[in-house]
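S.K.: From TrEMBL, for reference:
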DOMAIN    1-151  domain 'RapZ-like N-terminal'
BINDING   GLY8, ARG9, SER10, GLY11, SER12, GLY13, LYS14, SER15  ATP binding site
BINDING   ASP58, ALA59, ARG60, GLY61  GTP binding site
DOMAIN    165-282  domain 'RapZ C-terminal'
Amino acid sequence: MRLVVVSGRSGSGKSAALGALEDAGYTCIDNLPVGVLLPTLRLLEQRDQAQPVAVGIDARGRAEDLAALPNVLSGMAELGIESSIVWLDANTSTLINRFHATRRRHPLLTASGSLEKALEAELRLLDPIVQHADRHMDTTRLSLHDLRAGILQVADPDHQPGRPEVHVLSFGFKHGVPDTIDFVFDARFLPNPFWEPVLRPFNGTDPAVIEFLSARPESLEYLSDLGALLLRWVPNIIATGRPNVTVAIGCTGGQHRSVFLAEQLKTRLADSFDVSVRHRELSRD
């Protein structure tokens, strides 16, 4: 089992880092007390945990628990658990600005104290983690995208990311454009099998409809252009920390042209991406 401990002062980007690791296939546990770390890992091992594990440990834990970290690390070594500790931090002025922007309360802030003093106290409290951290990441000048893209390289340089995921969705414009999608492509300009009486009862997965649309040069040219666009740019989008990309293709009713293109696009992209296809309007039937 591989374990990555993510820690750092409040506002340094721990939540974003854990989110990126979770998207990369890690089992993530935030705010785990140091005292229950070993029992948790033993339980995961008993369940034949195959995924790497990332835990977030920060100033919300008790001081005596944090001081026990060296003993916990020794216990992990005895169990044969490969581990690393990633310490995230930023300069104090940047952390203060982030707190002002989010209006969140620092966990160590007292009624009579200042945010700067709370951050200084937090650094002292987390010193056992700082002393044992083998990887450091300064997030002062990092955007959220940069942090998500960089955390895997820092936490696990040997990590081999899986193939990018592309979800292709066919739909009918008359039923509304889907939410939460990255690309929308319009297929309504293509010849419509709906107006062919013998093809109307079928959909874009049926051989007769496939033959009809494949015989139209504009269908194949459009398909080629869509495939080239996605092959070129999806890897760049995934590199920003996105776990997947969703592509929606619409025609009037979502029965023929969009279904045909979605299925054909899956075939064209399958060598480069993990592709799933869903036909929204067909699932209504």
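Cβ atoms are placed via backbone N, Cα and C, with glycine included.
Please treat TrEMBL annotations as automatic predictions, because they have not gone through curation.
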S.K.: Which residue, of the binding-site residues SER10, SER12, SER15, has its CB surrounded by the fewest other CB atoms within 10 A?
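M.R.: Minimum Cβ neighbour count within 10 Å, taken over the binding-site residues SER10, SER12, SER15, occurs at SER15.
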S.K.: So which other residues, same chain and not among GLY8, ARG9, SER10, GLY11, SER12, GLY13, LYS14, SER15, have a Cβ within 8 Å of the centroid of the Cβ atoms at the ATP site?
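M.R.: Neighbours within 8 Å of the Cβ centroid, excluding GLY8, ARG9, SER10, GLY11, SER12, GLY13, LYS14, SER15: ASP58, LEU88, ASP89, ALA90, LEU95, THR139.
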S.K.: Calculate the distance in Å between the alpha carbons (Cα) of ASP58 (GTP binding site) and ARG9 (ATP binding site), and round it to a whole number.
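M.R.: For ASP58 (GTP binding site) versus ARG9 (ATP binding site), the Cα atoms are 7 Å apart.
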S.K.: Across the whole of the domain 'RapZ-like N-terminal' (1-151), what does the mean pLDDT come to? Round it, please.
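M.R.: Averaged over the domain 'RapZ-like N-terminal' (1-151), per-residue pLDDT gives 87.
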S.K.: Cα-Cα, whole number of Å: ARG60 (GTP binding site) versus SER10 (ATP binding site)?
M.R.: 10
S.K.: Can you tell which of ARG9, LYS14, ARG60 has the most other C-beta atoms within 10 Å, given these are the binding-site residues?
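M.R.: Going through ARG9, LYS14, ARG60 one by one, the largest Cβ count within 10 Å is at ARG9.
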S.K.: Considering the binding-site residues GLY8, GLY11, GLY13, which residue's Cβ sits among the greatest number of other Cβ atoms within 10 Å?
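M.R.: Max Cβ neighbours within 10 Å, all protein chains included: GLY8.
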S.K.: Between SER12 (ATP binding site) and ALA59 (GTP binding site), what is the CA-CA distance rounded to a whole number of Å?
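M.R.: On Cα coordinates alone, these residues lie 12 Å apart.
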